[in-house]
Amino acid sequence: RMVPGGIPPPLGAPNETVSPATHPPPFLRPYDSVKSGNKDGDAKPRFLAVTSLEDVQAVRCAEFHPSGRFYAVGSNSKTLRICSYPKLSDLREDHVTYQPTVLFKRTKHHKGSIYCLAWSPLGDLVATGSNDKTVKLMRFNPDSCNMDGQEVELTMHDGTVRDMCFIEDASNKSSLLISGGAGDCKIYVTDCATGTPFQALSGHTGHILALHTWGGAMFVSGSQDRTVRFWDLRTRGCVNVITPAATPTKPGAPVASVCVDPSGRLLVTGHEDSVCSLYDVRGSRCIQAFRPHSSDVRSIRFSPSAYYLLTAGYDNKLVLTDLQGDLTLPLPSVVVAEHQDKVISGRWHPTDFSFISTSADKMCTLWALPPV
């Protein structure tokens, strides 16, 4: 979101200009029905459930492969699956949801529930974390959609592994895996080339519930201790601590989800008390707190162009919030998808305006808009 000349506008500049190539999908702009209070207006995007994968237990996590050609799904049933991303060009309003094609399936992948998973930016590695306290790191071949060689089991955690993300170490041309969770509240950095954890980052005093990186050497962590910490692997430590949505009278709530926009300027946090906070990273200030859900906000992600925010909550809903215009004003939000039970995660496709969601209703569903 750069203005001509390449200088980023101030956050939430009301008249930000964007090149036509990066304009958001027209069917979502503006949300006239939301802004005018007309609940049934035509502007509401109608996402359709394209495919639904059903498991025997709650589905906790799903992540798209960087190529967008498939997505991995991890469940409480200890099963890891990789599904193919369907063709969406012939999607119609009267679409009937069907089961996705499962290209790879491994039962009893962990001894416990699969809580989190991540792909490396190159898509050649996949990692999973579990309440059996282990991380499994596997080499993935996108051509055969199969695992290559021996998996590496990492046992440095002494509690449930709640979240993880990969960072490319450009200097060594290798991937680093960042993982965190319950137990000792440390964040571990593992060199994927050797399968060796080489750093344990201390600072949080509660379980780590969420991790997010936006490229480079920086990442953020959200914790049960109500804080968000910014880490820089070049300085080998925490570079900033904030307590979002806290006021002198209200201490804030555990940070269940975090994400940072691709420019590294806007942090969004989701909390167990249903609050989301927008935070200006460079200006070190809270822009606003808002409530898109009526229960825990368990997942939060910017859309590929960072125009929209997708949040998933324990109120069974997925909500799209429009981040265009002045971020200090009330933000238009609309419910775009619902499950029969708590929604645990929502993830955007890397390039398409589609997303996958996982839920305690034992489903992983792919949602997309019919072509306009």
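A Cβ is built for glycine as well, from the same backbone N, Cα and C atoms used for every other residue.
Quantities reported herein were computed from a predicted structural model and do not represent experimental measurements.
Annotated features, as they stand in TrEMBL:
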type     : residues : note
COMPBIAS : 1-12     : compositional bias 'Pro residues'
REGION   : 1-35     : region 'Disordered'
REPEAT   : 107-137  : repeat 'WD'
REPEAT   : 201-241  : repeat 'WD'
REPEAT   : 290-324  : repeat 'WD'
REPEAT   : 336-372  : repeat 'WD'
What does DSSP give as the helix, strand and coil breakdown of the repeat 'WD' (107-137)?
0 helix, 15 strand, 16 coil
What is the three-state DSSP composition of the repeat 'WD' (336-372), stated as helix, strand and coil residue counts?
0 helix, 21 strand, 16 coil
Counting by DSSP, what is the helix, strand and coil composition of the repeat 'WD' (290-324)?
0 helix, 19 strand, 16 coil
Predicted model, mean pLDDT over the repeat 'WD' (201-241):
94
On the DSSP side of things, how many residues of the repeat 'WD' (201-241) fall into helix, strand and coil, could you say?
0 helix, 23 strand, 18 coil
